[in-house]
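Per TrEMBL, the features are:
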type	residues	note
TRANSMEM	85-107	transmembrane segment
TRANSMEM	119-137	transmembrane segment
TRANSMEM	157-176	transmembrane segment
TRANSMEM	204-226	transmembrane segment
TRANSMEM	311-328	transmembrane segment
TRANSMEM	335-362	transmembrane segment
TRANSMEM	374-395	transmembrane segment
TRANSMEM	428-447	transmembrane segment
TRANSMEM	459-482	transmembrane segment
Amino acid sequence: FLGAGKPPMYGDYEAQRHWQEVTYNLPIRQWYFNTTDNNLLYWGLDYPPLTAYHSLVCAYIAKLINPDWIALHTSRGYESQPHKLFMRTTVMVADLLVYIPAVILYCFSLKETSTKKKASIWGVALCILLYPGLILIDHGHFQYPLSLGLALWGALYLSYDWDLLGSAAFCLALNYKQMELYHSLPFFCYLLGKCFKKGLKGKGLVLLTKIAGTVVVSFAVCWLPFCTDVEQIMQVLRRLFPIDRGFVIITNYLFPPFQDKVANIWCSLSVLIKIKNIMSPETQLKLSFAVTLLSLLPACVKLTAQPSLRGFKFALVSCALSFFLFSFQVHEKSILLVSVPVCLIINEIPFMATWFLLVSTFSMLPLLLKDGLLLAYTVTMLAFLSVCTTSFSILEKTSAEDLQLKQFSLSLKGYVSWFKSFPKIVRMLFFLSLTLMAVLSVMSATVHPPQRFPDLFPLAVSVVSCLHFILFLVYFNVVILWDSKNSRSQKKIS
């Protein structure tokens with residue numbers, strides 16, 4: 001684990017262990033407050049209540065096995081093989097109870113018709129479950145997949161038209177990790193669009209009222225122990241969204257320090273333009289907000305006007321990617337919030353989805369190397385590419401129709417002469433991309449950078465990944481805006 005054995009913070013593994021220590025030994029009213037027993041500068045809780053409750057459940061189990069694992073103060077930096085086995089087991093249990101069932105049931109909800117396609121459901125499930133990024137971060141870097149799993153359950157329920165359950169599941173995801181805000185607009189726009197289509201003077205109003213009630217009740221249940229007074233609620237909110245710590249913190253979120261390269265637009269632009277030197281923190285924040293909003297707008301407007309499950313899934317990808325590229329970032333692993341929605345459309349655009357998922361894992365390479373996961377990174381990437389190639393024959397699905405660009409290509413007919421050779425161009429770019437990622441991966445792992453440019457390879461990985469993500473964002477938005485299937489499928493909602 002990154003930071004293992006390195007005081008004073010010890011790394012993300014210690015953060016998860018420390019939250020168990022805090023939630024077990026301290027009363028709820030102290031979980032988010034700075035006290036003599038809860039130094040918030042030492043991995044203080046900064047995730048919503050469901051994360052704290054999950055930590056408490058794990059702590060009770062840990063107490064039964066070995067009380068030293070969660071002893072107040074004295075357990076800081078505790079590392080042993082039995083405890084690592086326990087912590088890894090808790091991640092596996094979260095996978096087995098929440099994430100994996102959601103993936104399998106989602107694959108069965110695809111409603112394939114032919115026997116041949118039904119047989120491929122397990123191929124789709126296998127490809128999603130073998131996505132290297134989530135495996136490496138959850139089991140290598142160490143985090144829990146619960147927020148992503150709950151969001152998947154939300155998408156699954158919506159696919160069955162169980163809108164209230166879908167709303168509740170997504171509220172739980174948001175109450176586990178606030179970064180689920182990446183997915184909030186597609187959920188909101190899709191459900192609002194359904195209400196509009198049903199008519200806001202009839203069934204639509206009833207549905208809207210039920211959804212609003214479900215959201216209020218879900219949040220109330222999660223926050224109930226913190227509703228004893230207003231200050232409790234405000235303190236939790238301050239921990240989740242630390243805006244009051246000043247624009248210095250916000251600026252670091254927008255333009256992260258270079259010890260952690262994030263493959264977003266601000267980190268990549270800083271190679272050419274030192275934005276912090278020409279803009280005030282307030283201007284930087286406003287710029288980030290404006291660009292993010294503009295990039296979100298097309299997909300959200302289309303989804304609200306023409307709600308469909310297909311449009312919803314593509315909007316999840318587009319909106320999450322917009323947030324990743326243009327809003328404030330603190331970690332490379334935020335790309336997982338884009339990757340999991342991409343997994344939902346891997347059966348529709350297998351070539352582009354596989355390509356994106358490979359790039360998303362590659363974008364986290366500097367972090368994975370710090371974690372000592374080079375071998376695991378190599379093996380999982382090759383296994384994932386092999387399974388996707390076998391399951392979907394991705395290299396044979398590069399035509400405009402296969403890439404969901406038929407309507408777009410028809411609109412360009414007569415203007416772009418090279419569109420006939422489009423499949424060859426796409427395959428060539430794919431192989432060029434794979435080669436570039438492989439070369440940078442090998443160089444990052446084996447070559448010492450020049451002393452003058454110690455961050456050369458991490459920065460190169462970030463810039464290359466960012467360029468990929470910008471092109472993917474354009475691609476997904478083109479698919480959304482030129483997609484005639486949305487218009488047809490929305491009639492079913494009406």
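Numbers run from 1 along the shown chain.
Even glycines carry a Cβ here, placed using N, Cα and C.
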Ask   = Mind checking which residues reach the transmembrane segment (204-226)? Cβ under 8 Å, same chain, six or more beyond either end.
value = 28, 32, 48-50, 163-164, 167-168, 171-172, 175, 191-192, 194-198, 232-233, 236
Remark   = With the cut-off at Cβ under 8 Å and a gap of six or more residues from its ends, the chain residues touching the transmembrane segment (157-176) are 47-51, 54, 106, 109, 146-151, 183-184, 187, 190-191, 194, 207, 210-211, 214-215, 218-219, 222-223, 309, 312
Note = Residues outside the transmembrane segment (311-328) whose C-beta sits under 8 Å from one of its C-beta atoms, at least 6 past its ends, are 155, 158, 181-183, 185-186, 189-190, 250, 253-254, 264-266, 288-289, 291-292, 295-296, 299-300, 302-303, 334-335, 337-338, 341-342, 344-345, 466, 469-470, 472-473, 476-477, 479-480, 483, 486, 489-490
Task = Mind checking which residues of the chain, 6+ beyond the ends of the transmembrane segment (335-362), have their Cβ under 8 Å from one of its Cβ atoms?
result = 103, 106, 110, 120, 124, 127-128, 131-134, 136-137, 148, 151-152, 155, 179-180, 182-183, 263, 310, 313-314, 316-317, 320-321, 323-324, 377, 380-381, 384-385, 388-389, 391-392, 394-395, 397-398, 402-404, 426, 430, 433-434, 437, 440-441, 461, 465, 468-469, 472, 475, 479
Key: Same-chain residue ranges lying at least 6 outside the transmembrane segment (428-447) that approach it to Cβ under 8 Å   = 351, 355, 358-359, 362, 365-366, 369, 374, 377-378, 398, 457-458, 460-461, 464, 468
